């Protein structure tokens, strides 16, 4: 892990400004640390040697008080700004991450990783705060205070400076060792912790099921055993990880002790004066202090840095360049999928495999097949969200011009499509807002569409009717009701192509009627409909049915021709 | 357990940590930081004394002591860290086990609540947080107390006034700074909770709905929403940064003040001859090292605050009412022919509306029943009540004459809920959840019986294929078949199945029909009760009960009687009212 990742500075403007400012406060702190040590030595030495009295040292003490006040102020200011910078950086990274993840599309971030990205955005990145507030300032202090104080010690007493200079390189050496061991430790701990945590959580999540089967008591011993093995594994790694930390601490403290003893003996022989000795004594620990702090805050900041690195991994994944050609008018254009295959992530299957589909304007086309056959994946291909590994997707305009789908300007393609996925996204708003979706829709048209989909019954039962506010994800409606809402929205769409993915999945018995009627309505108004379904009653409404099949990727599948 | 108001105290109590170990770790930690103070004091003495050019021999003891303290600091700190982490890890293992046991004994609605939101996900983090309070909260506090007292005593022995000044400064740094830091964090937590939740919600909308938002061109609107939420969050965070800044400034200020007051008080005393000049150096320089222990207290205070939040959530979860299973009830029905009998049954989710109006129902091996009702009618509640996991609102549910809530082991009645859990382990282990000694051959046979044979064969490792957490890698239909196979492998003679063929796309009606054929189907000889919202495939049920959307019985009778009359209108209405009580 790099202490200061250049990508962080490149990606987050707030981080750049913060580093510059902190370097400034670091330099100022170095000056104050040195001033404090010298003033303290000059105030103390004359009194100890009985060469001075209070009036002689009073002005020095006064200056010392001023330095103390300034240091406190500087520390406060640094902390104040650190929090702000951390917040801003986290926000800038989060926005970049989310924007990029959306741009990458459904498979871009990897389906397995979509939860990982969600965790990163909602929680992981917040771990950057300790890195900004604690670790980074100490890192910059190590770059300012340590060399400055060492230089002053050199000017005062070269032998003490030599002692420090010999031990000092050992500190970064052990730091690297600490970092190296900690990284391994963190990884092992994380994977052990994650495994243990997952297993315990899995047991907790399955507890209702275990209870329903009357098998809930057994796993308690398993939970206990998991905890015990976790403790042993963690302690094993901690013994190693803390060992390097101990050596680091031993080195720095012992070096200070050696400087103190060395200075003491040279004082006895008169090679040094007390003022110099005291200044060296006060400065010696200050040389090491930032380095030790860097080590101390290393753990706390590791999570945040790891989160930032995972964010950069996502951000570094290239988004395929969008096409530039304007999409032909879908009212007249034909979409052709030829021999399209997509490998399912983490599964040894190709779904869909060798899919051929011709979607002609004005027809109702059903895509059918068993679960896992790749129907939704095929929809993503049609929408241009996913590029198939093999096969071609072309759009043929009315004049016969054929263009590959990925050469089309995405916005001009999507403008002509309304898509109802299996789980529609509902942003907060009133029911009316959600159905209208920013379009100008008359209450009559809305009620008409809602009656057809059965949403009107839901609306009638709500105390505020169409003005009922829904939360994120349509919180407040059941899955089936959400699907009715999405269907109503699609009915009111004016786009030439409507894609319905499993519109009956969460609906009750009469829902097939609803969908069939909705599809008929869409066809009457001249729309092209791509319908994903496996129910016979729904398929009956289609002009054309294309089966979708999956194949194992281990053995080369025999080309299945529909 | 004696009731105590503070959840953190309660939770720490649940860690069951050995206080002897705590004392040992605290003493070791105090030794480590005390070494640093002693190092500063002795080296100050050494240098001040050396400046008087005494015979070298007089300094040798001090020189040895300085080197020794230089070593003990690191050594003791290492030991303390190991001791305290071991302590915490032991406690966390105990706490996890206790949470599991309490929840296993807890009532069904507590358990169902677990599956809602991120409650479950937080349990793991919360336990860690409670463990951390030992290492990062309580231990530093104890160490700071011991080290500070020692430092003050040392200074006071030489020069009481300086000791007093140091005590005052330590008190300020050790109390004011942590209080301010805690205040800052609390302010931020209180003010940002809403904004944070909003940011998370919008983030998830963007991630999960990304493709749809992209296609419908609404991404920018949602991004604008994100920016608004982020601005509110930043404002709230800024408010908390002010007290945090003051807290950070207190430490260097207090340290400086302690040194300054020692100088101001000690210099005249030295001149007046009441304080040895060598000791003046000790008195002035020791405070520089004495603040390290209290410097850890703001973080410790924040840790205690955070851990208390975690403890509150854990205790809420753990303190729920327990419906203790009577372990002494023997396995029922000699010969394995138990009878589930409901009389005049009305059931209700705790605090929710009730459904059914005096239902009578009998289920015995060899008999199959189908309950048909629209989604949202409260089928989950009914099934939990029949399985004895919820007490009935009124009426009785009995298994062989005993209340169903007194569940036997193995239970006569097993329930396969619609959202039954698929564990993150192999297919075989998932089937063994129902019965520990299922052989691979039995497992394959059961999978084949529910039509999952081809799927199983297509899996790369067959029965040893690991399924993702909550079956993330298998489709809804495959998952349903797996759950059915599990129920069939279990020892219970009576099976309650919630929507057993939902999401099963091919042959759903045939599968349901075979399940209901208790004379020759896969559930041969069992009693099967199926709850569904479709009428397809019910022709083999011995009896069908059709529920109205309001939960009352519309009609019941033989399949011929019911299926002949009520055609597709069996279920109507767009489902349940929002926030239905029965959708846990």
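We number each residue from 1, going along the chain as drawn.
Just so you know, glycine gets a Cβ as well, placed from its N, Cα and C.
Among the features that TrEMBL reports, transmembrane segment is placed at B:22-48 (among others).
Taken from TrEMBL, the feature domain 'ABC transmembrane type-1' covers B:23-306.
Feature annotation from TrEMBL assigns transmembrane segment to B:138-159 (among others). Listed as Cβ neighbours of the transmembrane segment (B:138-159) (distance under 8 Å, sequence separation of 6 or more from its ends, same chain) are residues 12, 22, 25-27, 29-30, 33-34, 37, 41, 80, 84, 166-167, 170, 174, 262, 265-266, 269, 275-276, 279-280, 282-283, 286-287, 290, 292-294, 296-297, 299-300, 304.
Annotated transmembrane segment per TrEMBL: B:165-185 (among others), in sequence order.
Taking Cβ pairs closer than 8 Å, the transmembrane segment (B:241-266) reaches residues 155, 159, 161-162, 165-166, 169-170, 172-173, 176-178, 180-181, 183-185, 187, 275, 280, 283-285, 287-288, 290-291, 294-295, 298 in its own chain, all 6 or more past its ends. Per TrEMBL, transmembrane segment is recorded for B:241-266 (among others).
The transmembrane segment annotation in TrEMBL covers B:278-305 (among others).
Across all of the domain 'ABC transporter' (B:340-575), the predicted model scores a mean pLDDT of 81. Here TrEMBL flags B:340-575 as domain 'ABC transporter'.
Here TrEMBL flags B:550-584 as region 'Disordered'.
For the transmembrane segment (B:278-305), the residues of the chain that approach it from at least six positions outside its boundaries are 8, 33, 36-37, 39-41, 44-45, 47-49, 52, 132-133, 136-138, 140-141, 143-144, 147-148, 151, 154-155, 158-159, 162, 166, 169-170, 173-174, 177-182, 185-186, 247-248, 251, 254-255, 258-259, 262-263, 266-267, 269-270, judged by C-beta separation under 8 angstroms. Away from its own ends, the transmembrane segment (B:22-48) comes close to residues 59, 62-63, 65-66, 69-70, 72-77, 79-80, 83-84, 87, 134, 138-140, 142-143, 146-147, 150-151, 154, 277-282, 284-286, 288-290, 292-293 of its chain (Cβ-Cβ under 8 Å, at least six residues beyond either end).
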